[in-house]
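> Here it is, the structure in full.
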Amino acid sequence: MNKSKKWLVGSVAFALAFTLQAPFAHSATPTVTVVMPTQWKDAFAPEIAAFNKSNTTVNIEVNWGGAQDQLIAANKSPDIINTGDLFVAAQKNLLLDLTPYMAKDKTINSKDFYPALLNAVKFQGRQLALPYRFNVGLLYYNKTLFDSAGLAYPTAKWTQKNLITAGQKLTKSSGTTATQWGIGSTFGWWGEWLIHVRQSGGDWLQDGVVALDSPEAIKGLTFFRDKVSKYDMSPGPKADSLGGFSGGKTGMEYGGHTGNWPGYNAVSSLKWDISVLPRGSKSSKGAELALEAWGVSAKTANKQAAYEAVKFLTSVAFLTTQWTELRLPPTRISVANAALSVPVAKRPSPQNLEALFGGIATGMTLPRTIPFIKVTQEVVQPIIDKMLEGTLTPQEAGDQATAAANKALSILQP
Amino acid sequence: MSVKNRKDTRNFFAFAGISVIGFLAFYIYPIVRTIYLSFTNTSIMDPIHTMVGWKNFERAIKYDDVFHLALKNTFKYAICVAALKLLLALLAAILLNNNLKGIGAFRTIFFLPFIIPTFAVSYVFRFFFHPANGLVNQSLDKIGVSGIGWYADSKTAMATLVISSLWGFGVPMLIFLAALQQVPKELYEVANLDGASRWLQFRVITFPAISAVFLFNVILSSVDSLKSFDLAFLMGHGEGYPANSTLLYSVYLFNQAFKNPWSLGYASALALIFFAILLILTGINFRLGKLYVKNEN
């Protein structure tokens, strides 16, 4: 073999050795993927990078701002899936049952999760995800507007009567144009009317059938309509909402969503807090309790590693970062207790965390059935829209919605 | 096979191969896949699916009231939009079919809205038609007329959507304009000498001359209106808001596939039903076209 051939063979052998060793060097730590919103990057990226550096069991790779649903549709599902109580039924075969992993894990401390939240992502006896954030129906109020009107802030003892009185006092107008609203309204979303129904003692289902025609449900629908048309304290579908609660010209928000908190806190002039949502009836069992959770794709090649990643994303340390940096309500009791231990005056908005975490005990989770969202949004919502337009009375809307929803469910229920 | 034939065959595959592969991959495969999915209960979020026979079609045709409403809305919308768009396009083309100075600028201005993205258009129209502080109601208010709910009222939302859809008549207008420019000028000169009115000239000379193009535009506009999606999706909050009044077939189909519970199988059945409807309507258009399309000879 002449000199040049020796060089060539040597070079090829070196290149092969270099190429082949590269994947093995990385294979020691399996990588799992997850999609997260870009808005979370500043808060979470350093934490995840530190975790990746400090452990040898899993490496978390975040797809910031990716589209999870599209990836799943394209058969390129991330290993960790963002799910929730409303999705587990439809995703029951997509998500890995975490029960056996949790059973043999001595460090997960699953009792630290609020039981209601953990149970909400359990489907047919299988723990399909671990909760990381939640929403409960609350009364949101603008402190500045309350102070200007000389009104006392809402308390847990408030009734719907107090709410109406305050709402009307907070509403201001110039001629026929409203310049300030007492209470905000959201249109075209099932969560809005359902919270009114539940606060009045009604519910979506009673004994397995839709019961929006019950006297309690009708009472809730009536209040939903009357906020706009009788008490004139809330914008109707055709009115100017003045930018909603974050616009600073709306005194209160009925129900609201904790997912809006980062947006509210981004408005520096908005001084706001929360309170327990007043009930319209003593028979009310409570408002909405919904949550988001991290699950593991059943198709992942690294099931144990993905479970470890989910465990990290729902750990005390990570949920603390999630709470302190993004104000997304944590699902672990210990993190909640740490938040509650901060003196009220030193807490950033919202300060009434007792109302937030107390709401978990009284809140009602939503039905974990596949057609729930479809029927509430496609079948019932249009009838509620007509009620708000004045075409239907609450009783007619309740009757029509019940008949239409029960018919749809009879076709869609497996 | 001779050397020349072999060379021809090789050249054929070399040149046509890429487009044949593209056609198979991006047209034939999706169609075959859609047909297959329509007979399953596939959900994007469920890796397990089973064959359900004709159940998806049966559900849509027999039981799904929202589907029936979406279909009705779509026909209403398509008839109004296609007819008004054709009328506007034809009028604009006739107006622009002259040799006035600066007519090119007008042609560009009329075509310009077509290149503006729909999401921008939807925001502009939402601003125009906002019931409380929109430009239209404020202007009406100034002349003492009380405004209406426009897109926020289920009684007027469809009309608002139709009005908002008319901005994009640039393509049929250009096609009409091209056809109008082919009509021999001498015919009009003779008609003028004979004292024929403008309307008579249009009826006897212009329309027969552009009738084939008219049929083409009828088919193009009606198919285009029937499968409208983006503006209805944006203006109706993706849900046909308010009260399903702006829920078009394509929006409903999209919601079935890409919203909870992500029923891709059912959405595929809806897509095939829609395909059949379009096919039938196009056939009807062709049959009707025979009544008014004049042969060039």
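Counting begins at 1 with the first residue displayed.
Using the three backbone atoms N, Cα and C, a Cβ is placed for every residue, glycine included.
Copying in the features that TrEMBL gives for the protein in this structure:
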type: DOMAIN; residues: B:71-285; note: domain 'ABC transmembrane type-1'
type: TRANSMEM; residues: B:12-32; note: transmembrane segment
type: TRANSMEM; residues: B:75-96; note: transmembrane segment
type: TRANSMEM; residues: B:108-129; note: transmembrane segment
type: TRANSMEM; residues: B:157-180; note: transmembrane segment
type: TRANSMEM; residues: B:200-220; note: transmembrane segment
type: TRANSMEM; residues: B:264-284; note: transmembrane segment
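How buried are these features, and what lies next to them?
If you look at the transmembrane segment (B:108-129), the same-chain residues 6 or more away from its ends with a CB under 8 A from one of its CBs are 92, 96, 135-137, 150-151, 160, 163-164, 167-168, 170-171, 173-174, 230-231, 234-235.
Under 8 Å from some Cβ of the transmembrane segment (B:157-180) lie the Cβ atoms of residues 73, 76-77, 80-81, 84-86, 88-90, 92-94, 96-97, 107, 110-115, 121-122, 125, 129, 149-151, 206, 209-210, 213-214, 216-217, 220-221, 225, 228, 231-232, 235-236, 241-242, 245-246, all in the same chain and six or more residues away from its ends.
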> Between the transmembrane segment (B:75-96) and the stretches B:12-32, B:200-220, B:264-284, work out which stretch tops the count of Cβ pairs under 8 Å.
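The stretch with the most contacts is B:200-220.
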